[in-house]
Number of protein chains: 2
Amino acid sequence: MKKTTLCLLLCILPLNILLAQEGYKLWLQYHPVEDAALKKHYTSQNAAISVDHNTPTGSVIREELNTALEAMLELQPNFTSPDKASLLILKQAALPEELQKQLPSNAVQDEEGFTIASLNYTGKPVILITSQTDAGLLYGVFRYLNLLQLHTDTSQLSVTDSPKIKKRILNHWDNLDRTVERGYAGFSIWDWHLLPHLIKEEYIDYARANASVGINGTVLNNVNASAYILQDTYLDKVKALADTFRPYGIQVYLTARFSAPIEIGGLKTADPLNEEVRTWWKEKANAIYKKIPDFGGFLIKANSEGQPGPNNYGRSHVEGANMLAEALEPHNGIVMWRAFVYSDEKPEDRAKQAYSEFVPFDGKFKKNVLVQVKNGPIDFQPREPFHPLFGAMPETPLMMEFQITQEYLGGMSHLVFLPKMYEETLQEDTYARGEGSIVAKVIDGSLNTKKLTGIAGVANIGTARNWTGHPFAQANWYGFGRLAWDPYLKSETIAREWLGMTFTTTPEFIDTMTPLLLNSREAVVNYMTPLGLHHIMAEGHHQGPGPWVKDLGREDWTSVYYHKADRMGIGFDRTSTGSNALAQYAEEIENTYKNKRTIPEDYLLWFHHVAWDYEMKNGQSLWYTLARKYQDGVEDVAQMKKTWNAMQDYVSPAVYEKTRMLLDIQYEEAQWWRNSCLLYFQQLSQMKMPPFIPKAPHSLEYYESIRDPYAPGIKPSWD
Amino acid sequence: MKKTTLCLLLCILPLNILLAQEGYKLWLQYHPVEDAALKKHYTSQNAAISVDHNTPTGSVIREELNTALEAMLELQPNFTSPDKASLLILKQAALPEELQKQLPSNAVQDEEGFTIASLNYTGKPVILITSQTDAGLLYGVFRYLNLLQLHTDTSQLSVTDSPKIKKRILNHWDNLDRTVERGYAGFSIWDWHLLPHLIKEEYIDYARANASVGINGTVLNNVNASAYILQDTYLDKVKALADTFRPYGIQVYLTARFSAPIEIGGLKTADPLNEEVRTWWKEKANAIYKKIPDFGGFLIKANSEGQPGPNNYGRSHVEGANMLAEALEPHNGIVMWRAFVYSDEKPEDRAKQAYSEFVPFDGKFKKNVLVQVKNGPIDFQPREPFHPLFGAMPETPLMMEFQITQEYLGGMSHLVFLPKMYEETLQEDTYARGEGSIVAKVIDGSLNTKKLTGIAGVANIGTARNWTGHPFAQANWYGFGRLAWDPYLKSETIAREWLGMTFTTTPEFIDTMTPLLLNSREAVVNYMTPLGLHHIMAEGHHQGPGPWVKDLGREDWTSVYYHKADRMGIGFDRTSTGSNALAQYAEEIENTYKNKRTIPEDYLLWFHHVAWDYEMKNGQSLWYTLARKYQDGVEDVAQMKKTWNAMQDYVSPAVYEKTRMLLDIQYEEAQWWRNSCLLYFQQLSQMKMPPFIPKAPHSLEYYESIRDPYAPGIKPSWD
């Protein structure tokens, strides 16, 4: 079929069919530039381009420019030699002296960094995008295209940027049967059965999207891993993906099941000090690198939630991690060893365990080991204080693990802009080396001059036609990528960028929707877990409220363990009169937080057990304030609905309708949270429901009876 | 966003992004008519349209006409009154007398039928589409649009058609956790968690596709059912789908788990003669019909493969089915009771069991019960003789169950055009009332004057962007629908229609691809199970060869039970010297099939154990002929690849590339089948491999060692 025919066909198709496709393109919509003057200016700047497309990445760059400039400017650029080009994309080593000497003084030296600058060359103005590496050029081009997407004035460009974190990685909790643990966007995009033969378009578009925000690694399989993926037949499939992703600067990693030497190696043990085991891993690493020379390394969840690990053999996390690190070392591979461990044997406050376990190991890991730490000490709650390990292991590179998929944040249906939450953690002060020792500085290595640095995001990507299910969940993928590149970015900046690229640059839209995104995180905290409450979700699948959950296999899986509500009050005493988890933080924090009067009220019930009638800063009782927060959350969602209803003119009917229906669900569920939590807590507080709380349509017994055995994101056998 | 902007945007987008969308539109591509004269003619005929769009179906009709005529003709039709229209869409009751008296003598009386006729009205030529019902009008409009899609001369139309089968139903083997049993196209399209609030565009486009081929019912959940779907919260979700599908003439059905009164009703028994149980089902039916007044009824798999049923209480299938039928009767609901039963306790040839069990019940079911029978007596094999129940229960309406999803036919990756297989079964002669008593006549009720008739297809639909995964699997959905409407249609007709609507009407393409489709079924029989072999697939997931499978939980799950190959020969003796399953067929068949010399060789090893050196009709030994068939199958796929390579100019790059990669997989797997089956059988036959068989690259031991615990279409826990 000829392209003109296709265009004809498409122009006369009904909107509803076409717009289903819109979501697939994510933030790389490349909307046409409608302002005539701007379009003319952009066109003249991009009409003639010089780029070395003889490398795989160069070819990717050329294709992306073709795609973007055709879409935005109806421009088929002329690819030509540097002296005839208006846009030059050149590696620093290939720069003519004339350009070299015009480079801004801060022009990047960092491998993946780039400079975009308006310069003069052979007597005419040009735009130069330069970097030391192919990947840096690609990042520079994507940044440049983003500037065009946002209608930036490009007449005097001087942008130099480089990633502040080395390993910027998505973690896919994807099982080999294509179910996704905590996945709310369909099946796994990895179609293992048809790999290595079938290379789907989706793999390429996944790589484009990641490269466009600077993500440079992907762990393909679940942290609750099957050893099967380390078998030869699967490694061929992994290689096919690695080959596909390589031109986009993306390395492939695998989760390694610690007991793989037994399960697929035929050994009797997986003891990390056993020579046969060590040899098995070395040979496995050699086999992987033979297929995939730039393989990234292993992620390991060991001795946590039933996963095997070195403790099974009386060995430590250090001994386990270092054994794998030794196998990967000759190939420049890394080990990402998760700190999310909690043991059956230690009935210690779960918030304390990772710290207790890992701090003694500081400085004992091999150089190619990163310890991967969740943002907070419990488990991806709507709000947690930062994990006390940050700042507490100065001799060890700590990798941040954020969750992009919304396990505890509304699953498939709640609009929550997570960069706002990531920003909060990254900006928190650990005081590890005095004031200003914020988490971001731990992660980017600047606090303790680490070279090997990393950040991981648990992906929210699936086979959904728009990748993430909820149209606004795309913003969380985007935002994670942007913060992985630069953990000092403001979430507001990210929101504006994403809205502009995805929908429209119209200021009325951006200015209205940006506050909606930024406020959405506080809304979910309010209607789910205000004032420091945490882990009171329904059992197992974590969708919906479950403050009544008790009597599970272990105490620290229950809700009552975390909220400790009783006739007297509510909250987990983590001060010295309680679990003393607070002592794991710096003195500055401890001193402020140990006192109910000085602790930020957002963390009050995380660290204190507080009487129901305790007087809060607003002069009202805790009970009253708690109710007010729940009601605020519900009202916030009502406001989001109202705001969205006014956005109909700015977005496609399909996105408008879908988001509208999803906000209806969110509104209903926010009320469900408020009603059921307040009814539950009221029977304990025995206090009067404040007048602004509407009467619940159901009884507490009704709410407690709700079951959802087919909730998404869990395997049915986990029910 | 304005539509013109969107068009602009789309026209300048790269092809690869747009074409990913192509597959979503299935056979409703509505390609532009490029022949100027034809376009002009069509435009004049469709410029002014009269249709009553005040009904939900009328509104659907108008929208479909807008979509189709814009896409094909760049025409925005004028909707107007009958006297000003060139195309009239009118119910028969609303026909002006002038049109009424011009109707062709064969104009339909059947409810869902329609007439499309070129007539004169108020002094000018018009095209009339008429029917007794809204659904008939919709079918007439889709047929009319199909004629346009195929560039048919519409100057003298006189088409009268009506469905020959009443209940034309898709069976979704979709679980509530969204996995799909034997599904090879992703997750279930039913997004239960977000229903009833989120109505996805996919639901509407699913309904459009079904209506376009006349499918008028859908069973939403797996035959291996969860009782959970009968709970109130889920019934609200079912209602939302029913409301969405209603304007498209599609009724919703559910699989009912027989033990639901225990599991969700709190009763101690599900005994169909127990009064409490009977009342429970009646109340459940009342509750369903209160929400969904046109609910279709229940599908039941009882006492088969571990599903509960009346036998658990010492009751018969009749007692079970009639109990449910009684509950549905006041609401005009039906029961579809599956005859796919085989019992642990009867060590009888599995091919015989359904017949033995059900024939004695003939005439004993209530009037609203259909017995749903698979096309063959084993289980959806590449080739089976027709099921002996067809023709053997003259007093009972028998419903055909075809499998559209390719459980035993190559799963995700093999191109097999199934209408060719369905046609073979439908055309087989049961001799039940003498020669010419073909299966189609049993199904459409004409053989025994049944009014309640039905046909079911196990769907191959999932969340894949193109619905079915393999681009050519769409043809099997289409073809099932067409044969459900008219079981006498030729598979060649269906192939030509589908190719023309989906890709292009170019004769070079259609004339080349039609034979490829028609031959594809014989190819898969040849490389998997030639000469009457059956059920020699790998264990459990059925993907790939497994003639060596033995020692499973029960004998009739193994391959060795079915091929019975030994040192002497191969094949299942089902004549009087063996299981005598052949006696379940009419005498005419028995007499022909009982003799190795007269039985069609396609069924030889289904009914006979045959010596390896037996001389076949071709003068060669059975062993030689078997090898030849396997080789033919492989060569057929090689030819398919070659043919496809020449089709590059006729299809989009995306479809071309994807199909090319899938054919590579099919070619590799065809060789895997040939190599492993022939090596396995050779160790028994001890005969020489014929010279045309290339040396296998692996040993038999290697092939036997292959495991695929993550094969698609099964739950991991079934491994």
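Using the three backbone atoms N, Cα and C, a Cβ is placed for every residue, glycine included.
Whatever TrEMBL says is automated annotation, not expert-curated.
The active site, proton donor annotation in TrEMBL covers A:Glu305. Around the Cβ of A:Glu305 (active site, proton donor), the number of neighbouring Cβ atoms within 10 Å comes to 11.
Here TrEMBL flags A:Asp379 (among others) as active site, proton acceptor. A simple way to gauge crowding: the CB of A:Asp379 (active site, proton acceptor) has 19 other CB atoms within 10 angstroms, across all the protein chains here.
Summarising the annotation, TrEMBL assigns active site, proton acceptor to A:Glu407 (among others). For A:Glu407 (active site, proton acceptor), the same-chain residues that are 6 or more apart in sequence and have a Cβ closer than 8 Å to its Cβ are A:Arg182, A:Phe380, A:His542, A:Gly713. Mapped onto three states, the DSSP output places A:Glu407 (active site, proton acceptor) in coil.
Across all of the domain 'Alpha glucuronidase N-terminal' (A:26-144), the predicted model scores a mean pLDDT of 95. TrEMBL lists A:26-144 with the feature domain 'Alpha glucuronidase N-terminal'.
Residues or ranges marked as domain 'Glycosyl hydrolase family 67 catalytic' by TrEMBL: A:148-467.
Annotation source TrEMBL lists domain 'Glycosyl hydrolase family 67 C-terminal' at A:468-690.
The helix, strand and coil residue counts that DSSP assigns across the domain 'Alpha glucuronidase N-terminal' (A:26-144) are 50 helix, 27 strand, 42 coil. A:Asp379 (active site, proton acceptor) carries neither a helix nor a strand DSSP state and counts as coil.
Between the CA atoms of A:Glu305 (active site, proton donor) and A:Asp379 (active site, proton acceptor) there is a gap of 13 Å.
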